[in-house]
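Participant: The structure that follows is given in the form of structure tokens.
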Amino acid sequence: MGIKTALPAAELGLYSLVLSGALAYAGRGLLEASQDGAHRKAFRESVRPGWEYIGRKMDVADFEWVMWFTSFRNVIVFALSGHVLFAKLCTMVAPQLRSWMYAVYGALAVLGTMGPWYLLLLLGHCVSLYLASLLGQPWLCLGLSLASLASFKLDPLISWQSGLVTGTFDLQEVLFHGGSGFTVLRCASFALESCAHPDRHYSLADLLKYNFYLPFFFFGPIMTFDRFHAQMSQVEPVRCEGELWRIRAQAGLSVVAIMAVDIFFHFFYILTIPSDLKFANRLPDSALAGLAYSNLVYDWVKAAVLFGVVNTVARLDHLDPPQAPKCITALYVFAETHFDRGINDWLCKYVYDHIG
């Protein structure tokens with residue numbers, strides 16, 4: 001609805017005071033429950049050795065988070081650092097070619113991670129939606145996009161497509177579905193923009209540059225094609241005053257959030273406790289409330305870290321990507337409750353605005 005409002009400072013202060021007291025009381029009970037359950041048989045798979053020098057084990061129930069920051073940490077740092085380095089060199093030497101450099105680097109990263117057959121599979125989806133866009137029929141493009149998305153959820157198509165990925169590793173399925181799903185959404189955005197603006201004559205190369213931009217490839221955020229194309233087409237992009245400071249601050253906040261989650265998981269087993277219902281049923285109401293709240297906030301922090309890292313890289317590339325979701329604790333306007341701002345923008349632009 002475009003509602004922009006702010007609560008009075010006194011009211012916000014009162015809420016913060018009440019919330020802080022409630023969280024401290026609930027956190028005490030949750031800490032005691034985590035200490036009592038650390039050695040339970042039901043916790044053995046999810047609570048592993050952590051900071052042994054202070055006798056703390058770590059909650060590793062979220063395999064995705066653990067994999068990102070253990071096995072795949074160096075790969076992520078290497079891939080994004082290479083992207084930033086080559087982007088800086090290309091911007092200095094040949095800024096008009098930077099969009100091509102992004103696409104080639106992203107395609108090579110996907111090739112090295114998921115194999116050549118997966119890359120060809122995604123190219124097939126890109127080409128099919130590009131050909132549909134040439135017909136200029138939005139309903140056909142949207143229908144084909146939905147069919148492409150369904151092909152990643154229905155057998156035997158999903159089994160055939162997933163079988164094209166070479167090798168096996170822990171996050172293979174996550175990367176497969178993330179890269180495939182977001183590729184279809186990006187192709188749909190391109191096709192629908194082509195239908196809406198036939199005079200602009202977008203090419204297949206424009207689609208490939210858009211789709212294989214590495215920071216957005218596997219997990220977004222979704223940036224609609226018109227915004228991406230307009231920002232990436234700037235031959236000599238110029239930064240606003242203070243932008244580099246804001247980029248550094250965003251990177252610093254992401255690092256602090258990662259460290260905070262690591263500390264939290266050594267003292268509060270919020271992901272493991274719900275898996276043992278007998279143990280959870282014995283917890284006091286305050287500890288259960290703290291457990292539920294902690295899981296909600298953790299989902300937000302996880303998304304904030306993911307989008308924060310990606311947004312930092314995208315801003316270095318002179319893009320203005322969608323922001324991370326607003327913290328659930330700070331929500332008081334219904335219009336801001338969407339969790340993924342990029343997907344919300346996509347749905348509003350291509351679905352909601354057209355059906356009223």
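Placement of Cβ uses the backbone N, Cα and C atoms for every residue, glycine included.
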Participant: Tell me which of 12-31, 212-231 corresponds to the transmembrane segment entry in TrEMBL.
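Facilitator: The listed stretch tagged transmembrane segment in TrEMBL is 12-31.
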Participant: When you scan the chain for residues with a C-beta under 8 Å from the transmembrane segment (75-94), skipping those not six or more beyond its ends, what do you find?
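Facilitator: For the transmembrane segment (75-94), the nonlocal Cβ contacts are 68, 101-102, 105-106, 109, 214-215, 237, 309, 313, 316-318.
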Participant: Which residues of the chain, 6 or more past the ends of the transmembrane segment (129-152), have a CB below 8 A from one of its CBs?
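Facilitator: For the transmembrane segment (129-152), the nonlocal Cβ contacts are 158, 161, 177, 180-181, 184-185, 187-188, 190-192, 194-196, 198, 202, 204, 207, 350.
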Participant: Report, as numbers and ranges, which residues of the same chain sit near the transmembrane segment (251-271): CB under 8 Å and 6 or more residues beyond its ends.
Facilitator: 27, 30-31, 34, 37-38, 43, 46-47, 50-51, 56-62, 65, 69, 291, 294-295, 298, 301-302, 304-305, 308-309, 312
